[in-house]
Amino acid sequence: MARSGSWMAWTTTRRGRWMTLAAWVAAAALLMLLLPGVRSQADDNAPNFSDDKPSVQAERLLAEQFRTEEGTPALVVWHREGGLSPDDLKAVAAVSADVAASPLPGQRSALPLHELPPPALAAQLSEDGSTLVWPVVFQPGAPTDEIKQGLEQLKERTEQLAGTPAFEADTAGGAELSARVTGPAGISVDATELFGSADVSLMIATVVLVLVFLLAIYRSPVLALIPLVAVGFAYAVTDPLLGYMASQGWIDVDSQAVAIMTVLLFGAGTDYCLFLVSRYRELLAEERSPAAALRAALTSSGGAIAMSGLTVVIALLTLLLAQYGVVKRFAVPFSLSILVMALSSLTLLPALLSIFGRGSFWPFVPRTPEMAEERARRKGKPAPKRTGRNGPGFTGRLVVRRPWTVALVSIALLGALASLSTQVKFTFDILSSFPEEMESRQGFALIGDNFTEGALAPVTVMAQAGDEGMPPVADKLQALGTVAKVSEPTEASSQPGLRAWKVELAVNPYSQEAMDALPGIRQAAEQAIGGADASDRVWLAGQTAVQYDTREAEAVDQRVIIPVVVALIAALLLIYLRSVTAMVYLIGTVILSYFAALGLGWLVLHELMGVDAIQGSIPLYAFVFLVALGEDYNIFMVSSIWKKRRRMPLKQAIAEGVSETGPVITSAGLILAGTFAVLATLPIQVLLQFGLITALGVLLDTFIVRPYLVPALTALLGRRAFWPGELSRVPEEEVPAGGAGAGVASAGRSAAPERG
């Protein structure tokens, strides 16, 4: 047994297996008892930008100089088809008076509608008189639970004072008074509830899916549960560790990250378990001693599992380089969960397999031919016929006999799908990713339908002028075709010469067109105030400005993170395989597969599901996951080919490597794709889109890249695939010196490919 694998093998000894199990049980129990769970620390209102972002600076200046109400605003939208009646307005005023007299939990202020004279109140209505928007502001930093409590009280008081359940009334075509809560507070509460309910359903669906797959693959209830136990303990350790880190302020986590982490842990974790279990089952058919078979399986597969886990961990840690907070918050939860899962699959899983022995596979227990014959004699039955693998399977034979055909067809198919990725359209409107029936989205739609589009979220333009008087900012802005209306200027409270204008856009303020209009608005304001430093004296605030910064940040993140991920994974492959050639074509195939997945995902989402645009963060998410997880399968298969090449001709090594790893990688790919596909069942567009594209990418890797493209390229390159290693100088038909007759056992002596 290799010394490097001795610590893993120790977990399978009589003492080591029980000590390993006890250590995991104790760690999980203590951490869960002593540390908070990550869900209790999730903050869906965590800032997405650093303080140096233009929109952040503008919002701070707006709050300081123009006495805007700091806090989290809720927009209560009152509506009746045909127009709000006098009784409706009286009911709304009564609610306003009640809230003023007895503030809601977490409330900071509310517009006193009950104090407004009738003309002023009428001015607040939409043009057709059907809709009224009432702002209620909650305290800065108020937790979502407190805001939720406040909004629930508001709904209860409204029903008592108005005599009707306005917040449950139909907003479309109904003749009764209806109300909906939107704005940042309403969206925050809805998002938290949505992700919270999704998290539970996601966990249940993922566990059931993995269990069904494992039962179908191994037909053993014991073996179906063992990987789930290993994953479950990894989850039980990861969850409180992340909760503690978040409680100490070391990291920020949100509900979206927790939901995806669950899928990643069960999908990738089960894959790692399958890599070991499949090798263990093969060796049980050759080795009488289960302990010896397990040790050989660990030594043979442990290196590939460790390398796969390390690849994913490092790739996910690159998300720490992100400027956009939503992306950055993924880094630590995802990488820590994979790290713990890899450790579990290399320690706890072997311990459990050692405890159950051959019984792990009951009732279809793998036995050596001699053991099967002995068992048959004891039962008085005829000895079973000895069956063995009659050489490589169809796929393995095909890729070495027709490598050009296989490679060209695979590249043509993936290339055609990849070409569709150029047609993808993006959106940065987070609210549009929520279900249409969600209250905050309904309220937002009411505002959009009954007020001008620009009134949904006006842009605040602030400009610092000199002593020459009022600059023609309003005139310059009004001349722009993208601007519908410019308000009168407002003077700053303590900064002479600083003024602010509310600008209503002529387009949807959440659209790409609105974001594209911002540079023109800034330029017009800079021209109006003049001066060489004009760019330093103009600020833009509002939701459109925030989305503009989001788009810019995500563009920077893609330009930075994607090359770093590629470089790091390339370095790991180079260290592991010791081949520049293999590193290049393995990276290239996974990148091609990524673009094919993006194109295929867009085809399904746009043409079949009617999606007009996908969330702007999806390409980066999908790239990091697909490149890292795709290399998992390449590493597992190529390491098998590399080892076999030490004792057989190259084409035979390729054919047998493909055939040997094919079933387990196919099973692992189906499980991983299935777990990500669970995300596509959720009513949250960003998770649906991410889950669908990632699942499609995993399937492309599983059924095209791994079984056909990579081995075909290896066959075409021949011994050059090993360059600059020693095997690149060995003729393809020859067996390296000392390799012939080494047998299966030799493949298990090294956890990584030997230097070639």
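Glycine is treated like the rest: Cβ placed from N, Cα and C.
Feature annotations, reproduced from TrEMBL:
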- 200-218: transmembrane segment (TRANSMEM)
- 225-245: transmembrane segment (TRANSMEM)
- 241-355: domain 'SSD' (DOMAIN)
- 257-277: transmembrane segment (TRANSMEM)
- 298-322: transmembrane segment (TRANSMEM)
- 334-357: transmembrane segment (TRANSMEM)
- 372-394: region 'Disordered' (REGION)
- 377-388: compositional bias 'Basic residues' (COMPBIAS)
- 404-424: transmembrane segment (TRANSMEM)
- 560-577: transmembrane segment (TRANSMEM)
- 584-605: transmembrane segment (TRANSMEM)
- 589-715: domain 'SSD' (DOMAIN)
- 620-642: transmembrane segment (TRANSMEM)
- 663-684: transmembrane segment (TRANSMEM)
- 690-710: transmembrane segment (TRANSMEM)
- 733-756: region 'Disordered' (REGION)
- 743-756: compositional bias 'Low complexity' (COMPBIAS)
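Between the transmembrane segment (620-642) and the transmembrane segment (225-245), fewer than three CB pairs separated by 6 or more residues in sequence fall under 8 Å, so the two stretches do not touch. Proximity of distant same-chain residues to the transmembrane segment (404-424), defined by a Cβ-Cβ separation under 8 Å and at least 6 residues beyond the stretch ends, is recorded for 398, 592-593, 595-600, 602-603, 606, 614, 619, 700, 704-705, 708-709, 712-713, 716. If you count C-beta pairs under 8 angstroms between the transmembrane segment (560-577) and each of 200-218, 298-322, 334-357, 663-684, the highest count goes to 298-322. Ranked by number of Cβ pairs under 8 Å to the transmembrane segment (334-357), the listed stretches 200-218, 225-245, 257-277, 298-322 are led by 225-245. For the transmembrane segment (298-322), the partner stretch with the most Cβ pairs below 8 Å, chosen from 200-218, 225-245, 257-277, is 257-277.
Within the domain 'SSD' (241-355), the DSSP-based counts of helix, strand and coil residues read 97 helix, 0 strand, 18 coil. Across the domain 'SSD' (589-715), the model assigns an average pLDDT of 90.
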